Amino acid sequence: MKKLKASEIRQKYLDFFVEKGHMVEPSAPLVPIDDDTLLWINSGVATLKKYFDGRETPKKPRIVNSQKAIRTNDIENVGFTARHHTFFEMLGNFSIGDYFKQEAIEFAWEFLTSDKWMGMEPDKLYVTIHPEDMEAYNIWHKDIGLEESRIIRIEGNFWDIGEGPSGPNTEIFYDRGEAYGQDDPAEEMYPGGENERYLEVWNLVFSEFNHNKDHSYTPLPNKNIDTGMGLERMASVSQNVRTNYETDLFMPIMNEIEKVSGKQYLVNNEQDVAFKVIADHIRTIAFAISDGALPANEGRGYVLRRLLRRAVRFSQTLGINEPFMYKLVDIVADIMEPYYPNVKEKADFIKRVIKSEEERFHETLEDGLAILNELIKKAKATTNEINGKDAFKLYDTYGFPIELTEEIAVQAGLKVDMTTFESEMQQQRDRARQARQNSQSMQVQSEVLKNITSASTFVGYDTATAQTTLTHLIYNGEEVSQVEAGETVYFMLTETPFYAVSGGQVADTGIVYNDNFEIAVSEVTKAPNGQNLHKGVVQFGQVNVGATVSAEVNQNDRRDIQKNHSATHLLHAALKSVLGDHVNQAGSLVEADRLRFDFSHFGPMTNDEIDQVERLVNEEIWKGIDVNIQEMDIASAKEMGAMALFGEKYGDVVRVVNMAPFSIELCGGIHVRNTSEIGLFKIVSESGTGAGVRRIEALTGKAAFLYLEDIQEKFNTMKSQMKVKSDDQVVEKLTQLQDEEKALLKQLEQRDKEITSLKMGNIEDQVEEINGYKVLVTEVDVPNAKAIRSTMDDFKSKLQDTIIILASNVDDKVSMVATVPKSLTNNVKAGDLIKQMAPIVGGKGGGRPDMAQGGGTQPENISKSLSFIKDYIKNL
C-alpha cells in the first residue's frame with residue numbers, strides 16, 4: 001500500500017472520480033445554508049439533500065466531494081479514543097438516479113487496489129454486506145473475485161433513518177495485521193467488530209427503498225448511491241500509524257502543543273488525552289469560525305464555546321494556564337491550506353475571536369473550579385450526586401458548560417442531578433442552549449414539483465407587470481387542472497415579474513388575474529427545477545390551467561424593496577471602510593419597510609462610527625451613481641473586484657451589481673437604477689445578536705424621513721417641557737438639570753453617611769484583633785450598592801491600619817467590599833478575602849490586593865460569610 005499524505009489521498013480520490021464522469025461539488029461551509037434542520041453540516045451527503053429529495057436537479061447525476069463536517073453528539077469521547085473527532089473530512093461519491101451497485105462496488109475496488117491510486121493489497125481487504133443483499137454478494141464474489149470467507153454478512157448493514165430513503169450498505173475493511181488490536185482483550189477481532197486491526201475504510205450505501213409512514217418499504221423511483229470515506233482514518237491506514245492523531249493532519253499541531261507545554265506526546269496516557277482534545281477542538285473551532293460561526297450562549301455558538309472551554313480545561317493538565325489556543329490557528333491553516341484556503345485568509349480574525357474567548361474563560365475558570373471542587377466534596381460526603389440547582393448556578397453564573405461539570409464529576413466517581421438541572425434550564429429559557437433535534441440527511445422524495453420541467457422565465461428585473469400563461473396548479477400536494485375560490489394554491493407562469501425570496505430579499509406580492517378569477521399572491525419561492533413557484537389565495541372565480549393572465553407586482557412595495565436592497569450594498573461597503581476588512585455579512589433582511597444587516601465585528605460600534613457609516617452611505621446616495629448590472633463569468637467578476645458574500649455558492653455565470661467605485665457585489669436581487677432613488681438613509685439601531693455579530697437596522701426614503709420627523713416632534717415636546725425657545729438652549733438646560741441632580745445626590749449621600757455613622761456608633765470599638773491583625777468585619781445598612789463604597793472610604797480614613805470588610809443587603813442583593821492596608825498586602829490580599837466570601841452568598845468577586853469587591857444573591861448568608869472570613873484570617 002502506498003504511503004500518502006492526507007492531501008494526496010484527498011486529491012487522488014477527487015481525480016479518480018472525475019475520470020469516472022463525476023462532477024466535483026466544492027466543500028460547503030460548516031454552517032448550513034438554507035437548511036434550518038441542521039446545526040452543522042455533519043456528513044458528506046448533508047449538502048446534497050436538495051438533489052436526493054428532488055428540490056434541485058444537479059448539472060450531472062454523478063457527484064464527488066470532500067466535505068468538511070462537524071459532529072458533536074459524543075464530545076466526551078474525544079481524546080479518549082483513537083478515532084473520535086468533532087471535525088472531520090468525508091470523501092464521498094454519489095449517484096443521483098444514475099449508476100447503482102455494480103459500478104459503485106467496481107469503482108471502490110479499483111480505487112483501493114490499483115497501483116495508480118491507493119495501491120492496497122487485495123488480500124488485506126474484507127467486506128460486510130446485508131444477509132439478504134444477494135446482488136451485492138454476487139458482485140463482490142463473482143465479479144470482483146473476493147473469496148467467500150472475506151464477505152461477512154451482518155444484519156446491521158442496512159441504512160435506515162426512519163421515514164425517507166433507505167437501503168442496504170456494504171462496508172470495506174483493511175486488515176492492518178497482527179500488530180494491531182491486541183491492546184484490549186475485549187476487542188471483537190473480526191471485520192465489522194469493534195477493534196483496531198480491521199479498520200473500516202469505506203461505506204457504500206445503496207439507497208433503493210422508501211421507508212413509508214406505515215413502516216412499509218417501497219422501491220424508490222430513482223435509486224441512488226451515497227458513499228463515505230473518512231479522510232483521517234484512511235490517512236492513518238496509509239501512513240501506518242496507530243491512531244488518526246499520529247497522521248500528518250494532527251502531528252504539526254501536537255508538535256506545537258509540545259513546545260508550549262514542555263510535555264511530550266505519546267509518553268503519558270493521561271497527557272495524551274489532553275493533546276488529542278486540544279488538537280481536535282482547535283480544528284473544529286478554527287474551521288467553524290472561518291465559516292461564520294461565533295461563540296455564543298446557544299445554538300452552534302454554544303457548541304464552540306463548550307469545545308473551547310473543554311480544551312482550555314484539558315490544557316491545564318499540561319501545565320498551560322494562560323490563553324494559547326489561538327496560537328495554534330496558523331498551524332491548522334498551514335496543514336489545510338491546499339484545499340481550504342479560507343482558514344489562512346481569516347486567520348487574524350479567528351485568532352482574535354479565540355483569544356477573546358480564552359481570556360474570558362480564564363477569568364472565571366478558577367472561581368468556577370473552586371466552587372465545583374466544593375460541590376464534589378459535599379456530594380462525596382452525602383449522596384454521591386451533585387445537586388442540580390448547584391450545577392445550574394455554576395453554568396448560569398460562571399459560564400461552566402454542564403457537560404464540563406458532568407465530565408469532571410464522572411472523573412471524581414460522581415453523577416449530576418440532571419433532572420433538576422433541566423428543570424432549572426426550562427425556567428430560564430432565555431439562557432438555555434437552543435434545543436436541537438437530530439436531523440435526517442434526506443427527506444421523502446417529492447415527485448410532483450420535481451417532475452415539472454417546463455420553463456418559467458423571470459422578467460421582473462425589467463418590469464413589474466406581465467401578460468403570461470398559467471401553466472401548472474398544485475393543490476393539496478397534487479397537480480390539478482382547476483381550483484375554486486377561497487382555496488390556497490401554488491402555481492407557475494410561463495413568464496413572471498414576481499421575485500422569489502432569495503439572498504435576504506423578501507418575495508414580491510401582488511395579484512394574478514383575468515376576467516374570470518383573481519389570485520392574491522403572498523409568497524414566491526424556487527421550485528426544484530428553478531422555476532418561480534407562486535402561492536396565493538383565489539379571491540373569486542375558478543382558476544384553470546392554461547389561462548391567459550395578467551401578473552402585477554405591488555409596485556409601491558417593490559420600489560421600497562429596491563431602495564432598501566441597494567442601500568444594503570452601500571451599507572456593507574461603508575462598514576468595511578469604517579471598521580475594517582474583517583467585516584463580513586452574517587445575514588440580511590430586505591423588506592419594503594426596513595432593512596436589517598448582520599455583520600461580523602467585535603463590540604458595539606461607537607456613535608462616531610455609526611455617524612461615519614451613515615454619512616458615507618448618504619454621500620453615495622446624493623452622488624447619484626448609476627447602478628450598472630451585468631451578467632458575466634465568475635472569473636471576470638472577481639477580476640473587476642466584485643465582492644462575493646461569504647458562505648454563498650455561485651454558478652458559472654453571476655450577476656454583478658456595480659455602484660463603482662464604492663460598491664461592486666455579486667447579487668441576484670432587484671435594485672434601483674440610480675442611487676439617488678434611495679433618497680435618504682438612516683440607521684435606527686445598532687445592537688449585538690451574539691458574540692462577534694452586530695446588527696444594524698435602517699430605513700430609507702420616505703420611511704427614513706417619517707422617522708426623523710417623529711424624532712423632531714419628540715424633540716420639540718422636550719423643548720416645550722424644558723421651557724426653552726431655541727434648540728441650542730436644550731443642551732444647556734439639560735446640563736443645568738444634571739448638575740442640580742448631582743448636587744442633590746451628593747447632599748443625600750452625605751446625609752446617608754451621617755445616618756449610617758449614627759447607626760454604627762463608634763467604629764473603633766468594633767475593631768477586633770485576629771491573628772495579629774486589626775480587623776473590622778461588619779454588615780452595614782446602606783440605601784444602595786454605591787453607598788457601601790463611600791462608607792468604606794469613610795471608615796478607611798478613620799482606620800488606616802485596619803483590614804476592613806463590609807457587607808450590605810440592598811433589595812435582596814448582597815454587596816461586599818474589602819480593603820487591606822498596603823503594608824499588609826504581602827500577607828493578606830483583599831481579592832482573596834472577597835473570593836472566599838462571595839460563593840457563600842451565592843456570588844463572585846475579586847480585585848486588587850489592597851481593594852476588592854463582590855456580590856451575591858443570598859443575603860440570608862451574610863452573617864455566615866462574615867463569620868467564615870474571620871476564621872479564614874485567623875488561620876492565615
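For all residues, glycine too, the Cβ spot is worked out from N, Cα and C.
Now, the feature entries from Swiss-Prot:
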type: BINDING; residues: H565, H569, C667, H671; note: Zn(2+) binding site
* Structure fact -> Using a 10 Å radius on the Cβ of C667 (Zn(2+) binding site), the other Cβ atoms enclosed count 24
* Structure fact -> Around the recorded Zn(2+) site (H565, H569, C667, H671), other residues with Cβ within 8 Å of the Cβ centre, ordered by sequence, are S566, T568, V627, V657, E665, G669, I670
* **Spatial neighbours of H569 (Zn(2+) binding site) that are distant in sequence (at least 6 apart) but have CB under 8 A** => V657, M659, S663, E665, C667, H671
* **Assigned conformation of C667 (Zn(2+) binding site) - DSSP reduced to three states** => coil
* Asked: Which residues does H565 (Zn(2+) binding site) neighbour through Cβ under 8 Å, counting only same-chain ones at least six apart?
  -> Q505, V590, L595, C667, G669, I670, H671
* **Other C-beta atoms that fall within 10 angstroms of the C-beta of H671 (Zn(2+) binding site)** => 24
